[in-house]
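Read through the structure below, which is laid out as structure tokens, and then see the notes.
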Amino acid sequence: MQLNPAEISELIKSRIEGLAASSDIRNQGTVVSVADGIVRIHGLSDVMQGEMLEFPATADGTPTYGLALNLERDSVGSVILGEYEHIAEGDTVKCTGRILEVPIGPELLGRVVNALGQPIDGKGPINAKLSDVIEKVAPGVIARKSVDQPLQTGLKSIDSMVPIGRGQRELIIGDRQTGKTAVAIDAIINQKGKGVSCVYVAIGQKASSIKNVVRSLEQAGAMDYTIVVAASASESAAMQYVSAYSGCTMGEYFRDRGEDALIVYDDLSKQAVAYRQVSLLLRRPPGREAYPGDVFYLHSRLLERAARVNEKYVEDFTKGAVKGKTGSLTALPIIETQAGDVSAFVPTNVISITDGQIFLETSLFNAGIRPAINAGISVSRVGGAAQTKLIKNLSGGIRTDLAQYRELAAFAQFASDLDEATRKQLDRGARVTELLKQSQYSPLSVSTMGATLFAVNKGFMDDVDVKKVLAFESGLHAWLKDKHAPLMAKLEANKAMDKDAEAELTTAVTAFKKSFA
């Protein structure tokens, strides 16, 4: 048999050319230790800060992910997002090459999700078309637009004294059980029909409390435009820490497309505690109150993402699909104080980051003044420019009346005989205080709130018994709705009052007062 070298070379050549060799390069490491939801990994060379790491799946096949937070010389410290009991020393960990992402878009509206955007309400999967990273840089100064549109909460005391604008960060601060969540939920309920999408982030709360909030939103018909992100007290510290950023990314979807969104963080004190726990377990050096050194940055980078962005930003982001529209993300962070101490570390941090605060007091709450807002130290630094003309013109004297009333009431306890002017001021203050009371889940429209403020401003309530003030108010609302619907519609549409409307409203309130017994 004759061997032909040329033939053999040709055969080898064709075999080499037809070889389909593929190599899969993976960056992987080994678990060195696992404890308290913290995993130390050796051998991950090209891992990014905040990168998602893939761990062995659970027994039922659910993928397990972690977040790379500590990048050290010879190891990586990672927090596990979810269950970690099945992870053992020696397990293989793979880099994903991706920063943590959550699903975004209108598909999430009406759903309850966890910190990773996975549904937990038993209503089936969420088929979101888009996803985005949870950590994003806030819009720059040039991309922003000044806050000049109101975000009505429907609460008389807030909309008149501490108005909130679209794109503002307004802190709600107070001790436990002072009605902080109630104020935020009322603000969400009042956005019905106003084209504002809402995100409610529950951090470290009892599952029963979250369930009650969802039920309240459903009963008010507010779940249709709301996403609830729940990281309950039973979940890991890592999930509680991440949840606020996940919710913010979901809210930014609407802001970046020329829409308005409202996000409530309930509450950031628990997020700071969760972050402190994660940091201490990662052996980062503790600082004041055992919080890590970057706890200010934890909240500032989150709250700076709430902003009003200009038309150019929206146009550039949507590549020209949306033109001539501004977008906004309004944040209502909640902070819980201990015994009214607003000078503690986390409260002072968040007060300095936000554009104002609504301070709720236990003493006022227990006295039946609800919402229990302390008008003296509650401020809105930018909301005044966004207040509607109608409310702005009518609410000018309310804060002054209340401040003077509180001061005089303290002196009046010791004085036996008071002059006429002082007595008048005390009577007026008592009526204004009574008038600012409002039951939960009953937000007011701009026109009805305007009518109430008009009645108290023009002295129509000066001779009404203090105990009957709220009855007078509800009776007036019903009277105006029934007999002066065109006037109320005009006030609602214009958000301002001309001389004709003022004359008509004066006549209407006078007529109602005669019929009020």
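Glycine too: its Cβ is placed from the backbone N, Cα and C atoms.
Per Swiss-Prot, the feature ATP binding site maps to Gly174, Asp175, Arg176, Gln177, Thr178, Gly179, Lys180, Thr181; the stated evidence is sequence analysis. DSSP gives Asp175 (ATP binding site) a coil state; it is part of no helix or strand.
For Ser378, the entry in Swiss-Prot reads site 'Required for activity', with the evidence type sequence analysis. Around Ser378 (site 'Required for activity'), taking its Cβ as the centre, 22 other Cβ atoms fall within 10 Å, counting all chains.
The candidate set comprises the binding-site residues Thr178, Thr181. Of these, Thr178 has the most other Cβ atoms within 10 Å. Note: the ATP site is recorded as Gly174, Asp175, Arg176, Gln177, Thr178, Gly179, Lys180, Thr181; in the same chain, Glu336, Leu360, Thr362, Phe365, Ala372 also have Cβ atoms within 8 Å of that site's Cβ centroid. The two recorded residues Lys180 (ATP binding site) and Ser378 (site 'Required for activity') have their Cα atoms spaced 13 Å from each other.
Each residue contributes its Cα atom, and for Asp175 (ATP binding site) and Ser378 (site 'Required for activity') these two points are 15 Å apart.
Neighbours of Gly179 (ATP binding site), defined as other CB atoms within 10 A of its CB across all chains, total 19.
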